[in-house]
Amino acid sequence: MAGVPDNVKGVVELDPWLAPYGDILSARRFLADKWRHDIEHAVPGGRRSLVEFARDAYKSYGLHADAQSKSITYREWAPNATRAFLVGDFNGWDETSHELQNKDEFGVFTGVFGPGADGDFMIPHDSRVKVVFELADGSRIHRLPAWIKRATQPSKETAKEWGPSYEARFWNPASPYKFKHERPRLDPNVESLRIYEAHVGISTPEPRVGSYSEFTKDVLPRIRDLGYNAIQLMAIMEHAYYASFGYQVTNFFAVSSRYGTPEELKELIDTAHGMGIQVLLDVVHSHASKNVSDGLNMFDGTDYQYFHSISSGRGEHPLWDSRLFNYGSFEVQRFLLANLAFYIDVYQFDGFRFDGVTSMLYHHHGVGERGAFSGDYNEYLSDHSGVDHEALAYLMLANDLIHDMLPANGVTVAEDVSGYPTLCLPRSVGGCGFDYRLAMALPDMWIKLLKESKDEDWSMGHIVYTLVNRRYKEKVVAYAESHDQALVGDKTLAFWMMDAAMYTDMTVLKELTPVVDRGIALHKLIRLITHSLGGESYLNFEGNEFGHPEWLDFPNANNGDSYQYARRQFNLVDDGLLRYKHLYAFDKAMQEAEGKHKWLNTPQAYVSLKHETDKVISFERNGLVFIFNFHPTQSFTDYRIGVDEAGAYRIILNSDREEFGGHRRIEEENSVFHTTDLEWNGRRNFIQVYLPSRTALVLARNP
């Protein structure tokens, strides 16, 4: 460890190959530590914590009502403006009557407005507001307050007169929702996350936008029944364009009004907590919508207030048609860190899945030739790696904040395809602080196999290598498919395997066809081996647990604004005559087995067998034996499987059970597999099992 800076010795001890890059790692950590020091000492003559900094920001910026005095304070940062005025329904949209009188040296305007003539708040609850800025040349621009907590689509009449831009509303309910349940306390040393990825708007079988209340009533019970202990909510931050899937955020502190009110979202999260389910927010800090009239773009009349300037070449994403934040700006740090604290405190979110981390980490955004990462450390840690040091420092601060606010159970997940080293190691040892990264190579592997290879040509070694290929001590969220694979232009695993047969042959009243038989069998095997071998956490996109047919396509001009494919057909599971119920039952059994035997939050599995001819894979993890026969036709009698611990083993999960859509080829009752004291495949003992084609077994040793 000679020559390695003290502040990154921890990560180098975990990965000695990082030693030559110690100085670079140290400098990157130093920038984040310096920013934190500057933030905590920004108050003259005093000190405040990072948490206090973030909380003070969301509690002071924007519109805030004082219940005792009935006054409203409005604070906004707009350094390019010379004057600022609050307008809205409350003053007949008079652009001169309510000026924010004070502008400080940093460009922050503040106005305090007393009660109205009736003694109540000057601005009625849920009424429309805007801010008007006067610029140096005397021109005026109209904007939605940057910290607004509710924004809604205009009525048809308003849209005809003023355009389709969203409208800001002053949210100040007389009886705000009161949380009833504490956050679930999942011991991270024991429990692992089984995440159900969901989008409230599509969570209805009907071709329309679903609501928070419907999700609470109809979907949460399904998630609990399946055995997932966390939900990842997508498209919550307000976005004017529904078809953006929530990734073109316009109003960062407003939750999507399409689904209902802020209080109804609070009830959803509180209800989930009462079920013992954590709730994660899919947070979008990687970019922002280009919208001007209802977004952050050109907010104070400049293109460089929250974002890098267009002229710098860093202000726009090359593919996403969106604006890119200037993470080196103190005020941008305030805005984004406060955004995280706001969702933790006000809505009781338990953590975040950070969207677009690869785009944030590199000046090239993972696009083009430089986005084809080979794993060479020079791609990440050389002077020419293209890493955006300011974005990396912001992500470190964000992780500091979240884990300071939620020290026991806060969860952070990075959507990173690049494999950046130390991303998911603790800040205390020199890492970036994320708890998990998404294992984004796994769904790509499964789709590629299904598209390009015959079943008999699948390489067991390639499957295993891809599933276990992750950085030491850096945890990943494994998944076979997510929302990305469901989007139009791609297909879900079930649709790749069964295609048109899902429309005609899923009824139990018809004889099982070879296409559906294969699809159901492989769907179970793919998901179980991904779950058990691919990571330390698991994610499923809603509907995929039962093999949801078709693709996901939001209403847009190309499909005639249709909602036909922007929904989840949960009714298919409830129909006892359809085979979707079998896949649902298997997914439930898989989650229950993990919940009881807890293989996810344990060291990586020991893989003892990858047989290319037999198409059999076997491994042990946390005392369990997992056996997969991917062969399309060949079943094996008395197949030898190496196990380390001697004893008697029993089946705890069998994909061939009838209730899972299998053929019941294994007699489970009173089945016990006794070990033979002879070495096999590098293990001290072996058992012999009957292994039908396209079947998976999980065995546990009897106590």
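Cβ coordinates are placed from backbone N, Cα and C, and glycine is handled just like the others.
Annotation comment: Swiss-Prot describes Trp93, Lys130 as (1,4-alpha-D-glucosyl)n binding site, evidence class similarity to another entry. Cβ neighbour count for Lys130 ((1,4-alpha-D-glucosyl)n binding site): 19 (other Cβ atoms within 10 Å of its Cβ, all protein chains included). The DSSP secondary structure for Lys130 ((1,4-alpha-D-glucosyl)n binding site) is strand.
Look at Asp355 (active site, nucleophile): DSSP puts it in coil. Taking a C-beta cut-off of under 8 Å and a sequence gap of six or more, Asp355 (active site, nucleophile) has these contacts in its own chain: Tyr247, Asp282, Val283, Val284, His285, Ser286, Glu415. Per Swiss-Prot, the feature active site, nucleophile maps to Asp355.
Look at Swiss-Prot and you will find Glu415 tagged as active site, proton donor, backed by similarity to another entry. Annotation note: Glu415 (active site, proton donor) sits in a coil segment as assigned by DSSP.
Look at Swiss-Prot and you will find Asp484 tagged as site 'Transition state stabilizer', backed by similarity to another entry. If you take the C-beta of Asp484 (site 'Transition state stabilizer') and look for same-chain residues 6 or more apart in sequence within under 8 angstroms, you find Pro443, Asp490. In the three-state DSSP classification, Asp484 (site 'Transition state stabilizer') falls within a helix.
When Cβ neighbours within 10 Å are tallied across all protein chains shown, the highest count among the recorded positions Trp93, Glu415 belongs to Glu415.
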